[in-house]
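Per TrEMBL, the features are:
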- Ser114, Gly115, Ser116, Leu117, Glu135, Asp163, Asp181: S-adenosyl-L-methionine binding site (BINDING)
Amino acid sequence: MSFVEYSDCIQDGDVAIVYLGHESMTPVKVKRGAQTQTRYGVIRHSTDLIGQRYGSKVTCSKGGWVYVLHPTPELWTVNLPHRTQILYTTDIATITMMLELKPGSVVCESGTGSGSLSHAILRTIAPTGHLHTVEFHQQRSEKVLEEFKEHRVDHLVTVRNQDACKDGFGVTGVADAVFLDIPSPWEAVRHAKAAMKKSGGRVCSFSPCIEQVQKTCEAFSDQGFEDITSIEVLLRVHDVRTVYLPLPDFGPDPSAQIQPDSTITPPQNHASIAVKTTIPPRDVQGHTGYLTFATKPRTQL
């Protein structure tokens, strides 16, 4: 099992996602002889998990059942242990696209946090790319490195415990893209520029406050970055429903010829027609943060 390569069957040592429902999932480290308790009963790893295909329906000891899913960055985002505030799939998808990430890309990231974005980046840049991620907090950096090893992506990532605002990313002139998620991103802009290739690249900064965005945009401009843009991504999930609309009654056909001795049939109740429609949400998920993007020109050294 790897977060960047799909496996057919569950093996000893894998991390699997136990799916009880759309709002109830949990990651499980599969270990021979171990057990996992759920509200439907016990899951025995040796007999119920190891050797089974991912996506299988597993019956628990109380007769209820769960699905066992292969881990993905999206599933990990909604199940990971929160050590910090994290980025969710809506922002992650925009960041991945706007930074123009692809297999083979080299990316610098600060800070690593709980590793939500890191896992998505690693899947995108695999199998030949590399992520250089910097985390200021020592215990968080040690924990995320442990998770990378457990998820078998540690060969794609280098974790450094340092302050990106003072010490940079530990590399120079290698990055295709840089991501900043720190309280004072404007203090790390010069280090981001130094880490990027001479041929240029893209940079993104995530900040919850508009005052942070203003200072970061000024720093990007002072360092010679171009195409500076700030956006906010708000997700609106429309509810698809089936509604029934009555067919209109236009009365008798005036062009039809009526025989003198014919009986006029009284109008019948017209049937309804089923149509699909979407209902916009009454409540919209609130503000998460602003994404500020900029481009380092090719001519910049």
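The backbone N, Cα and C atoms fix where each Cβ goes, glycine too.
Automated prediction, rather than curation, is the source of TrEMBL annotations.
What TrEMBL annotates, mapped onto the structure for a quick look.
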residue : record                               : Cβ within 10 Å
Ser114  : S-adenosyl-L-methionine binding site : 21
Gly115  : S-adenosyl-L-methionine binding site : 31
Ser116  : S-adenosyl-L-methionine binding site : 23
Leu117  : S-adenosyl-L-methionine binding site : 26
Glu135  : S-adenosyl-L-methionine binding site : 27
Asp163  : S-adenosyl-L-methionine binding site : 17
Asp181  : S-adenosyl-L-methionine binding site : 22
Problem set entry | Recorded S-adenosyl-L-methionine binding residues, Ser114, Gly115, Ser116, Leu117, Glu135, Asp163, Asp181 - maximal Cα separation rounded to whole Å | 20
